[in-house]
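Since the structure comes first, as structure tokens, the remarks are kept for the end.
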Amino acid sequence: MVVGVLALQGSFNEHIAALRRLGVKGVEVRKAEQLQDVSSLIIPGGESTTMAKLAEFHNLFPALRNFVKMGKPVWGTCAGLIFLADKVVGQKSGGQELIGGLDCTVHRNFFGSQIQSFEADLEIPNLASIEGGQGTCRGVFIRAPAVLEAGPGVEVLAVYPVPPDSNLVDPLIESQEGEKKVIVALKQGNLLGTAFHPELTADSRWHTFFLKMASEIEEGASNSIVTIEGSQPTLDQLERIDLPIFQ
């Protein structure tokens, strides 16, 4: 497995280092043709407007959208989550180009400016049930976005209480106690998004979770080619099977 990390700007080195600690090869991706050599992709945190301008300059958006549509695994952290969202609010004048694919609405700077960055413990029962360890993880939020709403096919993996002084409270998740919360981690099919930066902590569970996602998707694609009556499929039969191609 070779994991690509979009290396236009932001914390791509930290993601590659986290993958290396797990014994997985991570490679920098800056050009469209480099996507052909990776089985999955991480879009790191950074300054989303700058990253979008650089991606547009290198004509990366068509290739990135195709990568997503082919069903290949993609994980967006912070700015990467913004890129993967189908809809983004709170953008700068003129907005920015998106990759899309995640059925959700993201607020670009929900938690405020750079000086309002913070860390918090997040409850992650679904992740912990798969990866083990304690039921919380440390979330590093740096000028972070948040998901205001998500479609029915989206699995929510972590939420966080809305700051009491925030005026961005509708529509939001509401707990039984009436506390308003926003989504900060979610999964839909081949796409994973986190509003925080797991690559800046020693907790490797988000990376191992993504790697397992990638393995399951590749294995599922391979198993979709079945034999007929115990025989090997013919070339003509293979040509009629419409499947995404994985490296």
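Every residue number used here counts from 1 along the chain in the order it is shown.
Including glycine, each Cβ sits where the backbone N, Cα and C put it.
Values in this document were obtained by computation on a predicted structure and should not be read as measured data.
Annotation source TrEMBL lists active site, nucleophile at CYS78. Annotation source TrEMBL lists active site, charge relay system at HIS197, GLU199. According to TrEMBL, the L-glutamine binding site annotation covers GLY46, GLU47, SER48, ARG108, ILE142, ARG143.
Locations of recorded TrEMBL features on the structure.
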| residue | record | CB count, 10 Å |
| --- | --- | --- |
| GLY46 | L-glutamine binding site | 21 |
| GLU47 | L-glutamine binding site | 16 |
| SER48 | L-glutamine binding site | 27 |
| CYS78 | active site, nucleophile | 27 |
| ARG108 | L-glutamine binding site | 21 |
| ILE142 | L-glutamine binding site | 20 |
| ARG143 | L-glutamine binding site | 20 |
| HIS197 | active site, charge relay system | 24 |
| GLU199 | active site, charge relay system | 27 |
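The L-glutamine site, placed at the center of the C-beta atoms of GLY46, GLU47, SER48, ARG108, ILE142, ARG143, has further neighbours from the same chain whose C-beta lies within 8 angstroms: GLY10, GLY45, THR49, CYS78, ALA79, ILE82, ASN109, ALA144, PRO145. In this structure the C-alpha atoms belonging to HIS197 (active site, charge relay system) and ILE142 (L-glutamine binding site) are separated by 8 Å. For the pair GLU199 (active site, charge relay system) and ILE142 (L-glutamine binding site), the Cα-Cα distance reads 12 Å. Geometry remark: ARG108 (L-glutamine binding site) versus the residue listed as 'active site, nucleophile', CA distance 9 Å. ILE142 (L-glutamine binding site) and the residue listed as 'active site, nucleophile' have their C-alpha atoms 8 Å apart, to the nearest angstrom.
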